[in-house]
Structures are given as structure tokens and as C-alpha cells.
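> Here it is: the structure, laid out below.
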Amino acid sequence: MSVAIKFTVKINDGSLRRQQTRHVFLSPAALNRLKLSPSQVIYLKHKGGEAVGITQSVKGNGIGPFEILISPLLAKWANLKAFQRVNISQYVHPLKEAEGIKIVASLSSNNEPIPESLIRKELLEIRYLHPGMIVMGESPMNMAKSGSKNLSSENMATEIFEINSGLSAQSGTEVGSSQSSPSVNESEPKATEDLDELSPGSYKVKEIHIRSPSNLIEAISDMSLDEPRIYKFTAASSMEIETPDLLKLPHEDRTQSAYNQGSEETQNFDGPPSAVTFSSIGGLQAQIAQIRDIVELPFQNPELFKFFNIMPPRGVLLYGPPGTGKTMVMRAVAAEANAQVFTIDGPSVVGKYLGETESRLRKIFEDARAHQPSIIFIDEIDALAPKRTEDVSEAESRAVATLLTLLDGMANAGKVVVIAATNRPNSIDEALRRPGRLEKEIEIGIPDKSARLDIIKLLLSGVPNEINDAQLEDLASRTHAYVGADLAAVVREAALRAIKRTISLQKDTSGLDIFGAVQMDDLEFALSSVRQSAMREFMMESPNVHWSDIGGQEEVKQKLKESVEWPLTHGETFSRLGVRPPKGVLLYGPPGCSKTITAKAIATETGLNFIAVKGPELFDKFVGESERAVRQVFQKARQASPSVIFFDEIDALTANRGEDNSSDRVVAALLNELDGIEALRNVLVLAATNRPDMIDPALMRPGRLDRLLYVGPPNFEARKQIVKIQAEKMKFAEDVDLDLIAEKTEGCSGAEVVALCQEAGLIAMHEDLEAKEICQAHFKTALLALRKAITRDMLEYYASFSESVTSIS
């Protein structure tokens, strides 16, 4: 397991003392070769060679047992198997209280000491099973920065003075050489180090240091040490300088900003982790190509820009819903360009004193210039640089002005680029979005089917699974509006379910090692529990209503299938014939005739993203808020396309213009969204009303709500089917005559027929709470109390309206 340990670079000028903890002391030659600078924060990551660790709680006055790696010769002498785990006995020698306890351990087997000479010659490694905090070694090692030339073992001793709490360079070339670096005074007392912040336990380590084989292990520790960690490196080992981002230990904050508020130093990042590459990002190939042109071309070919006398772009704005991969794209670009990343997030850079925020911003930009190539990443820039209005404070206005000045000063910044991210691009001050500042804008939107398929394949590639290509295609087609983070959550939930199933199987099979895999059922379960983050604001609960739950209305069902399903399932036919799919459908008819339940069935049967909006919900007492709410609904629908927007009781939202100013503005906003400049693609508007005459006629012309479907009272067959559907849900006696009930309910709406069945059930319960079924007599009684809400005048009104409009069907 790789170990990443944080250090700060210091110059070896001969005056530094070993009391300075967690520093890497380098000669000027080493600094130049590794392209490092003093005070730069780096991570050292073990790369190759032998270095593992174990954890063992302190019991009494000793540490143990350890796991050791021994040679076959030593194993044969000790009657052990090679690489077998054995114990190390402890000999405790009390020293001065200030120095803690000195523990000198020797190897034993079956309580019989092994000759020290053999141990010196054949002991290969002392291992821990826990990723540790400290690395120390006696032999030369290679040290390199990603993308630069290694420092070989020959020049290591002369160029690296020491890595305190890390690597102690030796001039010898053999493991176990007792010759120390001439810069280290062995008689000098060992440095005291506080490693609380680096370790999960609460303890202090004065020093843990592997010295020469004559002592094998020498540890100076106080007795509060709960998890000692010892590392030994061989000549085959090497250290690599890595970025801190995502290489921190599990208990450390992974979202550390570039500016540390508690310190005057800026945290310099030596490029993002190598794990984040373009190959680890799915579905964003077009956006990655755009940002690579902006970042990599100027970094790799600055002379060409100078030759053509053009200024490369200095700022990029990535915008899109949360979880779409904006930050991941930035990290991948930085890794590929081998650039350091300086992260600014709004809350961490804002200071409470006058001028503190501006000073911090200037400091970060200065440090980025000093460590080129570099990327300044401003996350959630809308919080740091909102639009300057009367409501914005003076401090926020100053921060925006400072940011504008710094961006203007990027003209001669060299290999430095600013990348900003937000999910609210229209909330950013307009001055930031002009050429010369954040001049390039790239949308990281909700992925389409093809992008979702790439993301799902990528996520499942590292998970044992039994999902075939056809199932992957089906999964991608049913995850509309799922962003990358949502899909990752789906795979994670599915994997957790597979883990639980595996544990259960292991228990049932007497502890046999059974390892399962993610199956399609696991993904189906995960889909039902993970909602689309982009649609949570508008998403209604899954209606779970099917066409079979609606009696009759076959013509309406067919028209809706043509309007909603056909453009998705037969898109090529529409294109071949030059037919434009309808943009909107208006369902009108008497109350209770299944208009709303039909819309719910559309959502269930098609699996499209379904945004339900009730007319009164969009009205706001403040001018402009209602129109903004309309725009937000359509914006979400576009992002989550293919989708359906359902306006229930639309007559309350779009009354005839001229009667109410607020209604006029809402109608204008709707008209603009339906056939404005921005195309409405893969979004169907479905509306329902029982007062079609109240709707502004402009909404019902072709190209807007261009399909008007009358949903009238059910006929005889439809009423019979409704009663039959209720009979499947309720307990009807054999004497119940479905034909008679359908005949007696002529002129009733579907809702009234359902209410009749419910009333008959209540009558049966009233007669006998122990009743087993509902009889015909109960229906006869219920029919006596039946009230019909649909009048002849109402039917004539709808017939007259149908004649007055032109329906495209």
C-alpha cells in the first residue's frame, strides 16, 4: 500500500536544527533538479521497493508482536516457513524519564534465541500491516518528482541532507551500513515530534527510527503510543513527490483550500493525483477537448502564441448542475498538464477584517505566478463574486473589484490560467465574463444517454458485476437526469447490497469464502433509492400508474403515445418524413374524467422525467418572480431531457391577457419558452384543464399546445372496465352485475364510478364489520345516493369549444 506523507521543503544551509519536524532538507542542487522551492508543501509517496507496516497496541512496557519478513535460510534455521509471521520478544531498558522508554528487540522462535549474527545477515524486513506515518531508512534511495529526472543513489547522499520524520540519507550503499550522513550528529539527542495531526490515535511519538542491524529496532517512545509504526526501505525503494490533493490519510480533511486561514503560508499543490486522468472521466469528451485547447496549448507551445502575436485565454468558466464533474475535469487537465493547482473557495478566503480578503486573493495569484505552470481554481465563484447590486455588501464589492484587477493582470502571467466553477452562472458579476477575464465558458451539463453509458461502464469496471451490454444499454436509457455523482451513488448502493448478500451467503454456508458480484437486481434496487439530484427541486413521487389502471379513453391513450413515446422510440422515422413532434398537449374535459391520472400514467409508462407543476404554485407577490419560476421549470426540463412538464389546472396560470398584469407576464414567459429563440428539444408540455375557455388563445395555436385532446365522460364499455378494475382491487361477490352497474352510471365521470364502488364497500362494512365481500345489494343502495356532477349544459359547452378550435391530431 502506498504511503503519502506531508513535508515542507527547507534549504540545507547548515543552520537548521533537527528539532524542526516534518521538513525535507535539500541542497540547492536538489531543489533545482526537483523544481521545488523553499516552504513548498509536498507529499512523499513510496514507489517500489519493500515498505509495509503493522500496528500493535502497547501492553505493559513493550511493543509487539511484529511481523517480520525473513529469508528462506533464516526460516530453515529457525524451523519456520519463509515469510511466516513470528513474534519479536522485548527487552525493556528504562532510561531517563525525559527520553521515555528505550525498547531493543531481538528475534526469537519457540522461546529459543536466534544468533544475532544470523539475524544481521538474513533479516530482510520488519513489516507492519497498517499504512504508517513515518518512513526512515539507512540505505540510499531514489527520489523524483513526477515528470522529472530521478536523483540516483549515487548523488542522493550529497544532495539530500535529511528528511526529518522521513528519510535519513546515508552515504553507504549496502542495507545496514552504519556510516551516517556527515551532516547528522549521532550523539545529538533525537528530535521531539508531535504527530497527533497525522495519526488516528491520540499520542505523541518522540522518534521511531530504524538504525543498523546491530540494534535491529530502536524505538524511543512515551508509553501513550497506541499504534507504533516503523518503516524500512531497501536500496530498491524510491520516493516520489506527489500532490497533496486526495493523498491525505483517511482522517484528514480532503477539501483543504489553497489558502490556510490559520497560517500566512499558501498551500502549493504539485499537480493533482495521477489517479484522476482523462481515462477516468466518462461522458465529457467534448468538454475535455475544449478545456485542453485552452490550458495545454499555451502551456506546451507558448512560443507559437508569441509568434502569432495573440494572447492565450487566461480564464475559463465551467458551469453546470452539481455533480456533473466540473472539479474532476479541472483535476484531470491539471494532471495532464503537470500543473500545480491553487484552490480558492469562497468561505475560506473571505476574511473578517477590512482588506483581508483582497490580500489573500493577491497572495494566491502571486504564488501561482511563482510556481508555473499553475492553475488557479475558483470553486463556487458565484459566492465570491456575486453581481454588484444594491443588496451586495461593500466587502463583497471590493472582493469582486480585486478579482477583476487580478484577472486583468494575467496578460503577462506566463503559464498560469484561472478556472472557475459554478452551478449559477447568471449570479456571477457580468464584468467577470467579458474577454480577457473568464472569456471561455464551457457547460458541463447533465449527461445524455451515450454519456451515461460511458459513465456507468467506467464505474462498473472496478466492481465485480454480472451485467451484460444489453442491460447496460437499458440502464443508461432509464437514468434520465442522473449526473455522474448520481450514477456513482447508484453503483455504490448496488455494491453495498451485493456485499450484504455475500455476507448472508457466507453465514449460510458455514463461513466458506463466497464472493458475489453486482447483479441487475442490485442496480434496480439502487435506482429506486437514489433520486436525480438535478430534479429534486421539481420531481414528484413516482406515480406508479399504468395504462391498465385507466378504464376506457383508448383514443386519448393512443394520441398521447404518438405525442410522447413515438418521438423517442421512432425518432428516425420523424426525421425521415420531416415530421415535427408536437411541443404541447392540452387535455380538457369535465372534472373527474381521468385527465390527471392519464398524465401520471404517461410518466410511468414512458419512464421520462416528469415535472409536475400546479398553476397557483408559480405565482409570487413580487414582480418578476413568477416569470423567473417559469424559466427555471423549463431550464430544468431542458437539462433533464427527455422530459415532460405537466401543468395541472393551467387555466389558473394562463388566463386571458388584459385582465391581470401578473397573468399577462406569466403567459408571455410561457409563450417565449414554448417557441422562443431557445429551442425546446425533447421536452413535451402536457397541460390539463376543465376551463379551456379561460386559457389565452395564443397558447393553443400550432407550435405551442398544438394537440387538444378532449377527455370526456366514459362510455358504457369504459365504465364497465372501470368497475372491473375496481373488482380486482376489492372483494366483489359473484352476484355483482358489472353490466348493470355500467348501465346505471351513464353520464357519470370515471371518478364518480370509482366513488360508487367505494361507497358500496362502506355500506357493506356498515351492515357487518365482519363482511367478507361486497354484494349487488350494496351497489343498489349506493346507486340511490349517486350524484352526477356532469350536466347536459356542461357537455354542450365542451362540444361548442371543440368546434371553435382547430385540433391537430
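Quick reminder: no glycine exception, Cβ is built from N, Cα and C everywhere.
So Swiss-Prot lists these for the protein:
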type: REGION; residues: 169-199; note: region 'Disordered'
type: COMPBIAS; residues: 170-186; note: compositional bias 'Low complexity'
type: BINDING; residues: G320, P321, P322, G323, T324, G325, K326, T327; note: ATP 1 binding site
type: BINDING; residues: G589, P590, P591, G592, C593, S594, K595, T596; note: ATP 2 binding site
> Setting G589, P590, P591, G592, C593, S594, K595, T596 aside, what same-chain residues sit with their Cβ within 8 Å of the center of the Cβ atoms that define the ATP 2 site, listed in sequence order?
A688, N690, V711, S749, G750, A751
> How many Å separate the Cα atoms of C593 (ATP 2 binding site) and K326 (ATP 1 binding site)?
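So the Cα of K326 (ATP 1 binding site) lies 47 Å away from that of C593 (ATP 2 binding site).
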> Determine, from DSSP, whether T324 (ATP 1 binding site) sits in helix, strand or coil.
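Note: T324 (ATP 1 binding site) is coil by DSSP, not helix or strand.
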> So if I draw a 10 Å sphere around the Cβ of P322 (ATP 1 binding site), how many other Cβ atoms end up inside it?
12
> Are there any residues at least 6 positions away along the chain from G592 (ATP 2 binding site) with a Cβ closer than 8 Å to its Cβ? List them or say none.
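Correct list: S749, G750, A751, E752, A789, I790.
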> If we check Cα distances from P321 (ATP 1 binding site), which of the binding-site residues G589, P590, T596 wins as closest?
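That would be T596, the closest of G589, P590, T596 to P321 (ATP 1 binding site).
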> In whole Å, how far does the CA atom of P322 (ATP 1 binding site) lie from that of T596 (ATP 2 binding site)?
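That separation, Cα to Cα, works out to 32 Å.
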> Within a 10 Å radius of its Cβ, which of these binding-site residues (P321, G325, P590, P591) has the fewest neighbouring Cβ atoms?
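Selected from the binding-site residues P321, G325, P590, P591 on minimum Cβ neighbours within 10 Å: P591.
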> Counting distance between Cα atoms, which of the binding-site residues P590, P591, S594 is nearest T324 (ATP 1 binding site)?
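That would be S594, nearest by Cα distance.
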> Tell me, how many other CB atoms lie within 10 A of the CB of G589 (ATP 2 binding site), whichever protein chain they belong to?
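A count of 25.
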> Excluding G320, P321, P322, G323, T324, G325, K326, T327 themselves, which residues in that chain have a Cβ inside 8 Å of the centre of the Cβ atoms defining the ATP 1 site?
A421, N423, I444, V483, G484, A485
> What residue among the binding-site residues T324, T327, S594, T596 has the most other CB atoms lying within 10 A of its CB?
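In terms of Cβ crowding, the pick is T324.
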> Using C-alpha atoms, which one of the binding-site residues G323, K326, T327 comes nearest to G589 (ATP 2 binding site)?
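Spatially nearest to G589 (ATP 2 binding site) by Cα position is G323.
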> Report, in whole Å, the straight Cα-to-Cα distance of G325 (ATP 1 binding site) from T596 (ATP 2 binding site).
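So the Cα of G325 (ATP 1 binding site) lies 37 Å away from that of T596 (ATP 2 binding site).
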